[in-house]
């Protein structure tokens, strides 16, 4: 039987740790940042026990540091996730997640009649928040979608 203090996921020397991702969202985050195509070692923890969430996902990406722009995209998938930059096995920086006001070229508009499906234009959404709910309003067709509807398509 494992010692109670034993880590279930190995520590990394340098890189980024994204913790407290809601369960079943980790793979989407992995694909969003194309970590599944990275040559660096990526450790994925799915459905790990969490006192706050019940279950959570965790990503550790060696020798890779996410940008503030990537952190704002991450906020759409996991607004309460924590992002830590690691150097020499120590947390050197905690990156706050802030929802962007606008997000362009990341998500596909769910409206099949939207101009973004037939023309060479990047999708663009205004991010709307109301309490804990996050909605995205398409710049072109002006339809409003819940965050889950848009992020589930991609």
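Note: Cβ is positioned from N, Cα and C throughout, glycine not excepted.
Features of the protein shown, as given by Swiss-Prot:
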type    : residues           : note
BINDING : 109, 114, 138, 141 : Zn(2+) binding site
Neighbour tally for residue 114 (Zn(2+) binding site), based on other Cβ positions within 10 Å of its Cβ:
19
Here the 10 Å Cβ neighbour count for residue 141 (Zn(2+) binding site) comes out at 16
Provide the number of Cβ atoms within 10 Å of the Cβ of residue 109 (Zn(2+) binding site), excluding the reference atom itself.
22
Using all protein chains in view, find how many other C-beta atoms are within 10 Å of the C-beta of residue 138 (Zn(2+) binding site).
21
